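Worksheet: one structure, shown below.
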Amino acid sequence: MEARLLVLLCAFAATNADTICIGYHANNSTDTVDTVLEKNVTVTHSVNLLEDSHNGKLCKLKGIAPLQLGKCNIAGWLLGNPECDLLLTASSWSYIVETSNSENGTCYPGDFIDYEELREQLSSVSSFEKFEIFPKTSSWPNHETTKGVTAACSYAGASSFYRNLLWLTKKGSSYPKLSKSYVNNKGKEVLVLWGVHHPPTGTDQQSLYQNADAYVSVGSSKYNRRFTPEIAARPKVRDQAGRMNYYWTLLEPGDTITFEATGNLIAPWYAFALNRGSGSGIITSDAPVHDCNTKCQTPHGAINSSLPFQNIHPVTIGECPKYVRSTKLRMATGLRNIPSIQSRGLFGAIAGFIEGGWTGMIDGWYGYHHQNEQGSGYAADQKSTQNAIDGITNKVNSVIEKMNTQFTAVGKEFNNLERRIENLNKKVDDGFLDIWTYNAELLVLLENERTLDFHDSNVRNLYEKVKSQLKNNAKEIGNGCFEFYHKCDDACMESVRNGTYDYPKYSEESKLNREEIDGVKLESMGVYQILAIYSTVASSLVLLVSLGAISFWMCSNGSLQCRICI
């Protein structure tokens, strides 16, 4: 019996050998990423690609303030609605802001022809030079320029009119034919606006213009149109039964525009020499204007971010991330974060990389843990860690660079007659948005899968590197660990880590210990067989005795009748 106990003690002692394990870093990160095959994978490190925050303010764009129209809209501002006098001196802006209650547009009722196209043109204008195209005091000597006012465009309680147009009426009892031209010598496009008045009755036509069969003609090299007043009774709007239609054209440099009329002309007084700017645009927002600066503005607020995607608003001004419908776009840079339970087993062994990462290893992504007579400790493999960091950093930067095409995205303008086109445009935009969102999400899923596989591969490569050095001088015990058949001090451990392990030096000692341990295993197997047989016999005897006792008790109290027949 003493010999068998000695064999068991030898078996226990043989397992308390020097060990080295390969593992990876873990930390307390709660970052999660999605891959093609998994969702919410916790990782040690990750980068966010999706901006979802803004400051709730309208800011300067690259140092240039926006033009907030307040209660006025584009029409009221350009025509010069008296309610928009605060905007008369506005000449430059980074972007134009209308609000949800921008009601002051055309004060005298009528249609603004091609208004949506004009708004579209202004989306690329960053400033203009406002000038008198036809000076009021000298351009119309044979026509009245002061009596053309209306209660519909009142100012300070008195009848008034648009600040940038002149309502020409008859002078005395005549309205002689007028013809006035302007040559664009500004060296840039000039925006010219005018109107045509449509009285409700012939009496009004005569009292204003004298001529019953009046006309208005406007012509340039690219624009040529003749208008005749449509005299008809109409429901009153703003207490006006008449109507005014408003028109505009862009006059190219060097081109000439000519106005000819015998009545009903709302003549241009001021025009605008336009300066184009690719970063401008028109947005609708009720956010307040602040003294702040940004590179990207949305109707909800400014975005200060270098990320490639945002889910704040599809309408943007400036250098902005691409809008996607995603709620999460996080790219993994680190490893799966599965911290191991640092409990010690029978011989003080730690968990290896299969069971989880090491929070104790903080100076690298991959590395080693050793245990010998001199103690235990962690050591990162700096070379493989640095190679991985460089590779992943380059990949992340490449993805951000390729996807980070920042630009302005403003809505397109359609009038009431173009609703089918507008609906089709929305469907097309939605389709592109879905494609962008799908591509962004798929890119992140694929790259996350590749990154995590890349880390797994690096750990396996490190494991194979150690295995190829040790050969049969150590055995694999699972969990990414090797148990040496020889004593391995700190210098020996370092040689394994740096790839200079001297296999022949330890091979003889390993051979002897390996044979001794194999012998102990064979002997211990005999002990285990004896113990197993003894256990089986003992349990069988206990079962038989128990059955006999139960039967005797049941016979004695009549619960069981025993009959013996001969």
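Glycine is treated like the rest: Cβ placed from N, Cα and C.
The annotation signal peptide is assigned in Swiss-Prot to 1-17.
Taken from Swiss-Prot, the feature topological domain 'Extracellular' covers 18-529, and the record attributes it to sequence analysis.
According to Swiss-Prot, the N-linked glycosylation site annotation covers ASN27 (among others). Under the three-state DSSP scheme, ASN27 (N-linked glycosylation site) falls in the coil class. The Cβ of ASN27 (N-linked glycosylation site) lies under 8 Å from the Cβ of THR44, ASN337, PRO339, THR359, ILE362, each of which sits 6+ residues away along the same chain.
As annotated by Swiss-Prot, N-linked glycosylation site applies to ASN28 (among others). Sequence-distant contacts (6 or more apart, same chain, Cβ under 8 Å) of ASN28 (N-linked glycosylation site) comprise PRO339, THR359.
The N-linked glycosylation site feature in Swiss-Prot is assigned to ASN40 (among others). Take the CB of ASN40 (N-linked glycosylation site) and look out to 10 A: across all protein chains shown you find 9 other CB atoms.
Look at CYS292 (disulfide bond): DSSP puts it in a strand. Residues annotated as disulfide bond in Swiss-Prot: CYS59-CYS292 (among others).
For CYS72 (disulfide bond), the same-chain residues 6+ apart in sequence whose C-beta sits under 8 angstroms from its C-beta are ASN81, GLU83, CYS84, LEU87, SER102, ASN104, GLY105. Marked as disulfide bond by Swiss-Prot on the basis of sequence analysis: CYS72-CYS84 (among others).
Per Swiss-Prot, N-linked glycosylation site is recorded for ASN104 (among others), and the stated evidence type is sequence analysis. Cβ contacts within 10 Å of ASN104 (N-linked glycosylation site), excluding its own Cβ and spanning all protein chains shown: 18.
Annotation comment: Swiss-Prot describes CYS107-CYS153 (among others) as disulfide bond, evidence class sequence analysis. Counting only same-chain residues at least 6 apart in sequence, those with a Cβ under 8 Å from the Cβ of CYS153 (disulfide bond) are ASN81, PRO82, CYS107, TYR108, SER159, SER160, PHE161, TYR162. A strand conformation is recorded for CYS153 (disulfide bond) in the three-state DSSP classification.
Residue density at CYS296 (disulfide bond): 23 other Cβ atoms are found within 10 A of its Cβ, drawing on all protein chains shown. According to Swiss-Prot, the feature disulfide bond maps to CYS296-CYS320 (among others).
Non-local contacts of ASN304 (N-linked glycosylation site) by the CB criterion (under 8 A, 6+ apart in sequence, same chain) comprise ASN55, THR294, LYS295, CYS296. As annotated by Swiss-Prot, N-linked glycosylation site applies to ASN304 (among others), with the evidence given as sequence analysis.
In this view, CYS488 (disulfide bond) is surrounded by 27 other Cβ atoms within 10 Å of its Cβ, with every protein chain counted. Residues or ranges marked as disulfide bond in Swiss-Prot: CYS488-CYS492 (among others).
There are 11 other Cβ atoms within 10 Å of the Cβ belonging to ASN498 (N-linked glycosylation site). If you look up Swiss-Prot, you'll see ASN498 (among others) marked as N-linked glycosylation site, on the strength of sequence analysis.
Residues or ranges marked as transmembrane segment by Swiss-Prot on the basis of sequence analysis: 530-550.
Among the features that Swiss-Prot reports, topological domain 'Cytoplasmic' is placed at 551-566, with the record citing sequence analysis.
Marked as S-palmitoyl cysteine by Swiss-Prot on the basis of sequence analysis: CYS555 (among others).
Averaged across the topological domain 'Extracellular' (18-529), the predicted model reaches a pLDDT of 88. Looking at CYS107, CYS292, CYS492, the disulfide-bonded residues in this record, the fewest other C-beta atoms within 10 angstroms of the C-beta turn up around CYS292.
Distance from the CA of CYS59 (disulfide bond) to the CA of ASN498 (N-linked glycosylation site) is 56 Å. On a Cα basis, ASN40 (N-linked glycosylation site) lies 37 Å away from CYS292 (disulfide bond).
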